[in-house]
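Everything on this sheet refers to the single structure shown next.
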Amino acid sequence: MADGGYVPVEEDDEDGDITHHGAERISVEDRLPLFIRSGVIFDQEHDGVAVDQGDASADPLHGHHPKQELHGWASMWLAYQSIGAIYGDIGTSPLYVFSAVFASPPSSPDLLGALSLIIWALILIATIKYVGIVLCANNHGEGGSFALLSLIRRHVKLDWRDSMVEDDDEKIYAAKRLKSFNRSARNALKRSPMAKGLVTILAVLGVCMVMSDGVITPAQSILGAVQGIKIAAPGMPTNIVVALACLLIVLLFAIQPFGVSRLSNFFAPIVMVWLIFNMAFGVYNLVLFDHNVIRAFSPSFAIDYIIRHKFDGWRSLGGVLLAFTGVEALFADLGAFSVKQVFSAIRVSWLCFALPCLLVTYCGQAAFISWHPDAIVNPLFKAVPPGMYWPTLILSILASIVASQAMLTGTFQLISQAIRMAYLPRMRRVHTSKRVASQIYIPLANWLMMAGAIAVTAVFKTVSVGNFTRVLECMLIRATQTTRIGHVYGVCVVGVSFITTWLVALVAIIIWNLHIVVILPVFVFIGFFDFFFLAAALAKIPAGGWFTAIMAAILTSTLLLWSYGEGCQFNAERDESASRSTLFTGHGHQLWLREGKAEYSVKSIRGIGVFLIEPHSRSPPVFDHFIKKFEATHEISVLLQIKPVLKYSVPVKDRFTLTSTNITGLYRVILRYGYGDTPSWDSFEEMLTEELGLLRPRGEPDSQDYAAADDVNTGSIALTAPDQFASQKPITYIIGRDKLYVKKGSGFVRRIILSVFIYLKGHEKTKLSRLRVPVDRLVEVGFSKAI
């Protein structure tokens, strides 16, 4: 059902996606021994533990939202909601496809040829490729290029991320018998740094093109709908149309905090009514005008069109490809509906509802244009039956907003994946559904995309971009067609489609282990069409596609440069792994620290010290550095690991887990919170002191001050008298922060890149910020590190 009546809950840091399975997935690190997970390992020669900088809480970065299972009406309702988010974009393509294909009224053979191209583009690309094949390549319910990259890197180590832990998937996969060709392909990829780099760059580029879509789709769809007003009011100034479109764009982005679940309750019926309206209009035009256009279902008309027009026919594919805009959103949006039942629902709803509606719509438009060639300028609105213009206009504006929502939902999903995979810095994310944890909203990305969409709308509707070299000269020339933005839009769509084809082919070879006899004809056939569509789209670069190319290049560079900085930091920490300090207990429970051959006694500091362990940051344990710097530790030291759980709320009894070590006064605490919980330092301290108070002191089995034997944590040890005294003292929180600096001798470009990375990295929030600890209770320990 709908998630009504609650305020979205914000989440400042990592969403914990990689630590849960079902309600809570046990991660790779949680399967490791206790002290390896915390950066502390057993000292085999002493009754103590060793602190190893190199073993600090490795993160495989193969995170995913686990595929949730909903049943009954909940599953049906989610499938219904997905209609609005998934089909909104491709459902509004009839607004501008024919006007993007033809610049002047077409002849009857040309019209049939273009219609045939549109029909078969929907059948081959949208239906067979995406709905039939690509949806199978989801990563535990998530879609998009990063989902494909995550699938591949769980079986082939591509970069520094995959050297952080030994992934269990690769062990299982190594025992799997591969076919000869598939094994050779996987081994070739493993051995070739260039091939691994190419796979990574392609995936990042695909993600960035979808992000660019998040900027361009609102401009293309909303502007295409709003300009329908000019049919009823031809004299309306273009500036008024642009201003109205910009106002609707602001409205679209302003409602994003409500979340995809709430919005989809409203958007789904709009998309359904829109598609039904268009199909009804299509039937009306087929009956009233020219039903012979259905001959275009024969691919011979498409082939004849390309042969007759040669180069111009090939260039017109840049307009035809707009018919399947939105298929990239169909795949990218899966993360927002990562429920097993949704995949079959998508296939059924596409084949039985969306596809027939679109095919009839395009046939109806072609039937109308065959009798009214001048309608090519704005075929959808001119083809509506008498008396239906204003209802259609209003519905088209609403549908265009829904189309934009489809891309925004996909963009939020991809940005979240990029953050988890260390391609972007942490940024504030907001969970918007109690039931579906993967539905998120990212405020910073939202407002940046809004600014970009408004800029695209204003510039490309007041600039003639027929020739790239004349852009600056024509700033004041007015335009009335969405074709110009269509040139921008098409590069994104077909670029993502092309990249997806080859990434899925790689998945089919090294993961699905399909025979080359199956893979080769299917993907060569699909790749052939992708190549021609891509070439046609690239030909539009001088006519507006340059904007997409520049935007995608900037975003791709940003993600790759951030990844480069994270890799440099990881390599610097790995180089330190040879430095091992050993903490052990001597006679009389005295703590000692060994570095190399030297041994130092560890002094005791009165009170309780809480050391934050960041399991996914790959930072050396702050506890280790604190002891090495000060040769001292608190009477009670707590290694705190905060684990956000991918569920709305964690029961109070499950939030706090305290276990002891065989080092006197050293404990480990795991603090779990759902994204709907409100953690605070005082509640944490209350739970901590309560758990410490439950520990029975040695020699006082009948003490009334402690819990009964049945309530004792069997994994705990007794508190000594000083520990009891320490537990009454204020608690000090010690956090670690890397003080990064660029290595001497670095080149100018490397220094600039890493300087920007270091600046942004220094402004990331730690998980401890969620507890809102008072500043006077914090101690920050800096780790100087050259990268």
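Backbone N, Cα and C define each Cβ position, glycine as well.
Automatic, uncurated: that is what TrEMBL annotation is.
Residues or ranges marked as domain 'K+ potassium transporter integral membrane' in TrEMBL: 78-582.
Look at TrEMBL and you will find 117-137 (among others) tagged as transmembrane segment. Beyond its flanks by at least six residues, the transmembrane segment (117-137) meets 90, 97, 143, 147-148, 151, 296-297, 299, 302, 305-306, 316-317, 320-321, 323-324, 327, 330-331, 334, 343, 346-347, 350-351, 355, 358-359, 362-363, 497, 500-501, 503-504, 507-508, 522, 526, 529-530, 533 of its own chain at Cβ-Cβ distances under 8 Å.
Sequence-distant contacts of the transmembrane segment (197-216), counting only residues of its own chain at least 6 positions beyond either end whose CB sits under 8 Å from a CB of the stretch, comprise 144-146, 148-149, 152, 158-159, 189, 328-329, 332, 407-408, 410-411, 414-415, 417-418, 423, 449, 452-453, 456, 485, 488-489, 491-493, 495-496, 499-500, 502-503, 506, 547-548, 551-552, 555-556, 559-560, 563. The transmembrane segment annotation in TrEMBL covers 197-216 (among others).
Tertiary neighbourhood of the transmembrane segment (236-254): same-chain residues 218-219, 222-223, 226-227, 229-230, 397, 400-401, 404-405, 408, 446-447, 449-450, 453-454, 457-458, 461-462, 478-480, selected by CB-CB distance under 8 Å and a gap of 6+ residues from either end. The annotation transmembrane segment is assigned in TrEMBL to 236-254 (among others).
Positions annotated as transmembrane segment by TrEMBL: 266-287 (among others).
The feature transmembrane segment is assigned by TrEMBL to 317-336 (among others). Proximity of distant same-chain residues to the transmembrane segment (317-336), defined by a Cβ-Cβ separation under 8 Å and at least 6 residues beyond the stretch ends, is recorded for 65, 82, 85-91, 93, 96-98, 100-102, 114, 117-118, 121-122, 125-126, 129-131, 134-135, 138, 141-144, 147, 209-210, 213, 217, 260, 342-343, 346, 358, 362, 403, 406-407, 409-414, 416-417, 436, 438-440, 483, 486-487, 489-490, 492-494, 496-497, 500, 532-533, 536-537, 539-540.
Taken from TrEMBL, the feature transmembrane segment covers 348-369 (among others).
Among the features that TrEMBL reports, transmembrane segment is placed at 389-415 (among others). Beyond the ends of the transmembrane segment (389-415), by six or more residues, the same chain brings 84-89, 91-92, 95, 142-146, 207, 210-211, 213-214, 217-218, 221-222, 224-226, 228-229, 231-232, 248-249, 251-253, 256, 260, 263, 267, 270-271, 273-274, 277, 281, 326, 328-336, 380-381, 424, 427, 438, 440-442, 445-446, 449, 453 to within a C-beta distance below 8 angstroms of the stretch.
For 436-460 (among others), the entry in TrEMBL reads transmembrane segment.
The feature transmembrane segment is assigned by TrEMBL to 488-511 (among others). If you look at the transmembrane segment (488-511), the same-chain residues 6 or more away from its ends with a CB under 8 A from one of its CBs are 100, 125, 129-130, 133-134, 137, 145, 148-149, 151-152, 155-156, 173, 178, 181-182, 185-186, 189, 199, 202-203, 205-206, 209-210, 212-213, 216-217, 220, 318-319, 321-322, 324-325, 327-328, 331, 456, 460, 519, 523, 526-527, 530-531, 533-534, 536-538, 540-541, 544-545, 547-549, 552.
Non-local neighbours of the transmembrane segment (518-539) in the same chain are 121, 124-125, 128-129, 133, 314-318, 320-321, 490-491, 493-495, 497-498, 501-502, 504-505, 508-509, 545; each lies 6+ residues outside the stretch with a CB under 8 Å from one of its CB atoms. Annotated transmembrane segment per TrEMBL: 518-539 (among others), in sequence order.
Per TrEMBL, transmembrane segment is recorded for 545-564 (among others).
Note on the domain 'K+ potassium transporter C-terminal' (607-787): its mean pLDDT in the predicted model is 73. According to TrEMBL, the feature domain 'K+ potassium transporter C-terminal' maps to 607-787.
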